[in-house]
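Student: The following block contains the structure, expressed as structure tokens.
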Amino acid sequence: MSKSAGCCKRFLHYAFDYETPKTLVIPSLGVGFVFRFTQFLVVMYVVGYVCVVQKAYQDTDTVISTVTTKVKGFAFTNTSDTEPRFWDVADYIIPPQSDHSFFVLTNMVVTPKQVQSHCPELPSPSTTCVDDCNCVEGRSDPRGNGIQTGLCENYSTTARTCEVLSWCPLEIDTKLPEHALLVAAENFTVLIKNSITYPKFNFHRRNILPHVNSSYLKRCEFSRLTDPHCPIFRLKHIVSEAGEDFQDMAVKGGVLGILIDWSCDLDWWAGECLPKYSFRRLDNKHPVNNVAPGYNFRFAKYYKTADGEETRTLIKAYGIRFDVIVFGTAGRFSIVPTIVNLGAALSFLSLVPVVADWFLVTCSRKRDLYKSAFKQQLLCFQVWCNATFCCSCFQSSCDS
Amino acid sequence: MSKSAGCCKRFLHYAFDYETPKTLVIPSLGVGFVFRFTQFLVVMYVVGYVCVVQKAYQDTDTVISTVTTKVKGFAFTNTSDTEPRFWDVADYIIPPQSDHSFFVLTNMVVTPKQVQSHCPELPSPSTTCVDDCNCVEGRSDPRGNGIQTGLCENYSTTARTCEVLSWCPLEIDTKLPEHALLVAAENFTVLIKNSITYPKFNFHRRNILPHVNSSYLKRCEFSRLTDPHCPIFRLKHIVSEAGEDFQDMAVKGGVLGILIDWSCDLDWWAGECLPKYSFRRLDNKHPVNNVAPGYNFRFAKYYKTADGEETRTLIKAYGIRFDVIVFGTAGRFSIVPTIVNLGAALSFLSLVPVVADWFLVTCSRKRDLYKSAFKQQLLCFQVWCNATFCCSCFQSSCDS
Amino acid sequence: MSKSAGCCKRFLHYAFDYETPKTLVIPSLGVGFVFRFTQFLVVMYVVGYVCVVQKAYQDTDTVISTVTTKVKGFAFTNTSDTEPRFWDVADYIIPPQSDHSFFVLTNMVVTPKQVQSHCPELPSPSTTCVDDCNCVEGRSDPRGNGIQTGLCENYSTTARTCEVLSWCPLEIDTKLPEHALLVAAENFTVLIKNSITYPKFNFHRRNILPHVNSSYLKRCEFSRLTDPHCPIFRLKHIVSEAGEDFQDMAVKGGVLGILIDWSCDLDWWAGECLPKYSFRRLDNKHPVNNVAPGYNFRFAKYYKTADGEETRTLIKAYGIRFDVIVFGTAGRFSIVPTIVNLGAALSFLSLVPVVADWFLVTCSRKRDLYKSAFKQQLLCFQVWCNATFCCSCFQSSCDS
């Protein structure tokens with residue numbers, strides 16, 4: 001035999017000799033049952049929990065979404081404080097368009113005819129004065145409303161305050177109406193059009209479902225029981241589903257979330273992927289640890305008088321901001337998570353013999369026989385050739 | 001030997017005795033080949049599919065992004081309905097700034113000189129009347145335009161309708177121009193600046209690539225073939241890439257998605273992490289199951305007359321809202337997913353001997369010999385000491 | 001024995017016969033130590049790295065969030081270019097409300113009293129003309145400011161340019177003040193209210209922590225060291241934490257990210273889930289490859305003169321857009337990732353005997369003995385019945 005041929009032969013042996021453990025077949029119903037039962041538990045876990053409940057065989061993707069909203073409704077206000085006024089969508093939706101949220105004006109403090117001028121500050125401990133010495137020209141108090149001119153003026157017959165440069169007259173925002181001005185806003189409706197995409201699965205969907213027709217959409221209104229897929233919502237209904245009272249919330253404003261859950265299992269026919277709506281108040285309504293409770297902001301409408309002077313109407317707008325929050329995770333069968341989860345489960349299957357072996361050598365009736373049979377102590381092996389000794393060896397404890 | 005020394009010895013045996021399965025080396029080319037081939041398949045799956053195709057060794061993070069947009073262009077309109085007017089960016093972008101989206105006005109219904117007043121309703125089955133008895137004071141029909149005063153007035157020489165309190169004159173939005181007013185908007189351009197972050201990897205990037213210079217950016221225009229990384233887009237091009245016609249879409253408006261995909265493999269040199277642009281119409285253009293097709297909203301410009309009365313110009317604005325949707329997942333090598341995937345693959349490697357054993361005992365030529373060699377029936381074992389019997393045992397079926 | 005009984009018996013054997021590898025117990029301290037040490041390493045990796053560091057036993061969810069912002073502060077400007085003016089929040093926040101971002105005006109180019117008219121273009125190489133022949137009626141140059149009327153007019157005493165239809169007078173935006181107009185904006189404060197949800201865990205939280213009270217919130221100001229959980233931020237502080245200078249940034253504007261990291265481990269008591277604030281400039285401040293550096297946009301205030309003509313004040317607004325970017329991943333113990341990771345780790349435990357076996361047959365002192373003991377060559381087996389030969393077999397190399 002040449003050297004290279006021997007080398008080749010050795011390589012073949014190295015590469016293709018198959019090593020397999022010598023196994024011992026134990027025909028014991030007890031051990032066999034423990035073995036199969038443990039196997040059954042692992043398989044049940046994999047099939048029942050990982051696959052059916054957790055859907056761990058799926059690859060997932062998060063939703064990307066676009067929202068357009070269109071509010072409908074009008075109101076007429078006629079309170080003692082303000083003059084009669086008709087409100088339509090161009091008046092109470094600020095800003096007129098926005099993505100993912102819309103603001104509905106419900107209450108306000110209006111300060112009309114403001115001009116750049118100077119006027120006495122609103123009375124407060126830091127602004128009241130006796131004479132000009134209490135006021136410092138150029139000082140701007142962060143809690144005040146303008147830059148002091150250094151003069152002390154009569155605010156009213158009883159109070160004297162420092163004069164400030166500002167938009168005058170100053171806004172007196174403590175005069176917030178106790179009952180919301182636009183209480184009629186509770187009957188406004190909003191149409192929410194939501195279009196979503198799961199880019200990984202190239203899956204597109206709209207919240208206006210394919211099977212509904214235009215005539216249904218013109219008269220429907222969302223209701224969890226009767227019309228769960230109508231995309232038209234009455235504001236009052238949204239607020240009450242969030243566990244709030246519209247009248248209460250309208251006074252100081254707030255932020256209300258319209259949550260659309262698009263969690264879907266895309267393995268089944270796609271028609272089953274439907275939006276689930278829920279509603280939740282997002283700001284803190286409790287007055288504890290709450291600065292600036294509710295939701296409000298200031299904006300102004302600017303005018304020019306005939307002689308070119310700029311005036312403005314300042315509006316401190318209280319209202320409800322509705323945030324449309326779209327979320328969801330879609331899953332679809334994918335080979336990688338399946339393999340990973342099956343692999344992990346297989347690892348646990350490889351633990352099963354450990355359990356069965358432990359049962360075999362501790363609880364089984366013939367445990368001593370089994371123990372000696374499948375655990376061969378090497379010491380015994382060393383004297384294995386002598387068959388007589390070996391037998392006696394098996395009957396001894398063999399542990400020294 | 002003292003008791004404690006024996007105990008110690010037993011502990012040492014318990015802790016450091018090494019148990020290893022007795023293996024049988026089978027020098028069979030057939031079985032060896034099956035074994036190695038199955039191993040090869042598993043390794044190929046792990047290396048080829050899991051690692052190369054699915055990049056399962058990577059940890060992933062989703063993008064967070066900021067977008068600023070700047071539209072350029074102007075237009076001149078001179079139709080029979082309206083007076084000549086020049087439009088620039090401050091006129092047709094509403095609101096003037098916004099994150100992640102911008103709206104370009106393309107068509108409109110303008111109702112100038114509205115004042116808080118009363119006027120007859122637009123004729124419709126529910127608003128026409130014969131005399132005052134048909135109109136109820138204070139009634140507000142959701143499909144109407146105001147609160148009824150209870151009077152029945154002449155709308156035209158032929159029609160009488162209930163009078164309403166509202167912003168008068170009422171908007172007649174059926175007079176939407178058939179050809180979009182600002183058709184010139186198709187030649188407007190938009191510069192999109194997008195800055196992204198993968199917080200987990202502390203990776204920041206902009207869609208204006210580091211190697212481009214200002215002079216290129218001043219004259220370039222996005223084109224999938226020639227300038228795929230120019231951040232300046234012509235609106236017409238965006239719409240046509242989305243498979244739509246700008247002129248059609250401009251009449252009733254719509255929502256168009258500018259999708260920027262930042263999916264990146266951060267294991268390679270970061271310069272390769274480039275944005276991929278795509279365009280898709282996001283609203284439903286088909287008139288089936290479509291309420292309020294297109295995209296429009298109402299806003300008003302408020303004026304004050306010399307005598308202090310508030311008037312407004314109501315504009316029902318039709319146009320295209322461009323939503324910049326940034327998405328993407330970045331992956332970078334991480335030890336945990338690598339370990340998990342390798343571990344799962346190893347589990348499958350541990351299945352390979354099962355396949356080879358099955359081949360050994362069913363298909364191999366010497367299967368009976370192998371079977372008896374590595375599967376030792378315990379019954380035989382019990383009489384193992386008697387070598388002669390054992391031999392005969394191996395030749396018998398050994399299963400009773 | 002009937003046929004069916006035999007069949008049944010065979011099934012019982014098939015189902016409940018327990019196969020276990022025959023193992024060899026090797027009482028060698030060296031091999032045992034290698035075995036236990038390798039096991040220890042794997043367990044350390046699983047417990048130490050996977051569980052403690054990477055928290056791979058957790059299921060994760062990404063945050064969904066709502067933000068409201070409220071800026072406070074006022075300023076007074078009195079430069080040589082402009083008339084004295086007082087600025088409050090309704091003047092410098094544009095648009096007045098928005099979700100996730102707010103824009104603070106810091107500098108501007110104001111072009112008042114624009115009307116729809118015609119006027120000579122701003123001088124530039126493409127607009128200068130000698131006589132009417134250089135100007136084409138109806139031409140609109142994208143870099144120009146209007147539609148040419150075909151006339152050549154005197155722009156100044158030295159320059160003649162083509163006349164255009166446009167909003168006149170034209171904006172001259174090169175006259176941007178070198179020092180930001182509203183430098184006082186650096187002392188404005190912003191209250192950021194952020195409410196987050198991890199929908200998978202039904203976990204809600206606000207950035208105004210439960211233990212703080214209203215009086216603290218009224219006077220606190222964010223500081224990384226002393227008040228890390230105060231939700232009121234001074235704009236100057238935000239900009240300086242981002243490594244920028246407010247005065248510099250205010251001139252040409254920019255985009256600044258307020259990043260709120262809500263990454264949480266929900267296994268521990270929920271009180272520990274706190275927002276972490278960081279600040280980063282999001283636009284490119286370097287003038288290289290930078291078109292339209294900074295951040296600006298144009299908007300207009302529309303007025304009507306007494307005779308009904310529309311005029312506008314065009315404002316090119318430079319300022320800082322603050323984007324509130326909320327991100328984070330929450331983790332909570334979940335059985336599926338735990339099982340997957342443990343399973344993968346178990347796979348590695350099953351590799352340990354491979355290491356120990358390799359040590360056994362290569363490095364151990366009695367390696368030849370061990371090798372022959374646990375690797376039985378089948379050839380030897382074939383002649384196993386002859387005990388004498390077997391012994392000699394064990395002493396031979398047995399590989400041919």
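Here the Cβ of each residue, glycine as well, is placed from N, Cα and C on the backbone.
OK, TrEMBL features for this one:
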{"type": "BINDING", "residues": "A:Lys70, A:Val71, A:Lys72, A:Thr189, A:Asn296, A:Phe297, A:Arg298, A:Lys316", "note": "ATP binding site"}
{"type": "DISULFID", "residues": "A:Cys119-A:Cys168", "note": "disulfide bond"}
{"type": "DISULFID", "residues": "A:Cys129-A:Cys152", "note": "disulfide bond"}
{"type": "DISULFID", "residues": "A:Cys135-A:Cys162", "note": "disulfide bond"}
{"type": "CARBOHYD", "residues": "A:Asn187", "note": "N-linked glycosylation site"}
{"type": "DISULFID", "residues": "A:Cys220-A:Cys230", "note": "disulfide bond"}
{"type": "DISULFID", "residues": "A:Cys264-A:Cys273", "note": "disulfide bond"}
{"type": "TRANSMEM", "residues": "A:339-361", "note": "transmembrane segment"}
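Describe the structural context of each listed feature in the structure shown, including burial, neighbouring residues and relevant distances.
Tutor: Note: A:Lys316 (ATP binding site) has non-local neighbours A:Met108, A:Val109, A:Val110, A:Thr111, A:Glu171, A:Asp173, A:Asn296, A:Phe297, A:Arg298, i.e. same-chain residues 6+ apart with C-beta under 8 A of its own C-beta.
Take the CB of A:Cys119 (disulfide bond) and look out to 10 A: across all protein chains shown you find 21 other CB atoms.
Its own atom aside, the Cβ of A:Cys129 (disulfide bond) has 21 Cβ atoms within 10 angstroms in the protein chains shown. According to its DSSP assignment, A:Cys129 (disulfide bond) is coil.
In the three-state DSSP scheme, A:Cys135 (disulfide bond) is classed as coil.
Under DSSP, A:Asn187 (N-linked glycosylation site) is assigned to a helix (H, G or I) in the three-state scheme.
Spatially close to A:Cys220 (disulfide bond) yet at least six residues away along the chain are A:Asp227, A:Cys230, A:Ile232, judged by Cβ distances under 8 angstroms.
In sequence order, A:Phe203, A:Arg205, A:Trp262, A:Cys264, A:Asp265, A:Leu266, A:Ala330 are the residues of the chain that are 6 or more apart from A:Cys273 (disulfide bond) and have a CB within less than 8 Å of its CB.
Long-range contacts of the transmembrane segment (A:339-361) within its own chain (CB-CB distance under 8 A, at least 6 residues past either end) are made by residues 26, 28, 30-31, 34-35, 38-39, 42-43, 45-46, 50-51, 56-57, 367, 370-371, 374-375.
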Student: Need this for a regression test: disulfide-bonded residues A:Cys129, A:Cys135, A:Cys162, filtered to those with Cα within 10 Å of A:Cys119 (disulfide bond). What's left?
Tutor: A:Cys162
Student: Same-chain residues six or more away whose CB lies under 8 A from the CB of A:Lys70 (ATP binding site)?
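Tutor: Counting only residues 6 or more apart in sequence, the Cβ neighbours of A:Lys70 (ATP binding site) under 8 Å are A:Val190, A:Leu191, A:Lys193.
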Student: Could you say which of the recorded positions A:Asn187, A:Thr189, A:Asn296 has its Cβ with the most other Cβ atoms inside 10 Å?
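Tutor: The most densely surrounded of these recorded positions is A:Asn296.
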Student: Checking the contact step here: among the disulfide-bonded residues A:Cys129, A:Cys135, A:Cys152, A:Cys162, which have a Cα within 10 Å of the Cα of A:Asn187 (N-linked glycosylation site)?
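Tutor: For A:Asn187 (N-linked glycosylation site), the disulfide-bonded residues whose Cα atoms are within 10 Å come to none.
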Student: Near chain B: which of the recorded positions A:Lys72, A:Cys129, A:Cys135, A:Cys230 have their Cβ closer than 8 Å to one of its Cβ atoms?
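Tutor: The recorded positions close to chain B are A:Lys72.
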Student: Sub-8 Å Cβ contact with chain C: please pick out which of the recorded positions A:Val71, A:Cys119, A:Cys162, A:Thr189, A:Cys230, A:Cys273 have it.
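Tutor: Contact set vs C: none.
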Student: Please report the three-state DSSP label of A:Val71 (ATP binding site).
Tutor: strand
Student: Check the Cα distances from A:Lys72 (ATP binding site) to each of the disulfide-bonded residues A:Cys129, A:Cys135, A:Cys152, A:Cys162, A:Cys168 and keep only the ones within 10 Å.
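Tutor: Near A:Lys72 (ATP binding site) by Cα: none of them.
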Student: Using C-alpha positions only, work out which of the recorded positions A:Cys152, A:Cys168, A:Thr189 is nearest to A:Cys135 (disulfide bond).
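Tutor: Closest by Cα distance to A:Cys135 (disulfide bond) among the recorded positions A:Cys152, A:Cys168, A:Thr189: A:Cys152.
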Student: Cα of A:Val71 (ATP binding site) to Cα of A:Cys168 (disulfide bond): how many Å, rounded?
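Tutor: With the alpha carbons as reference points, the distance is 34 Å.
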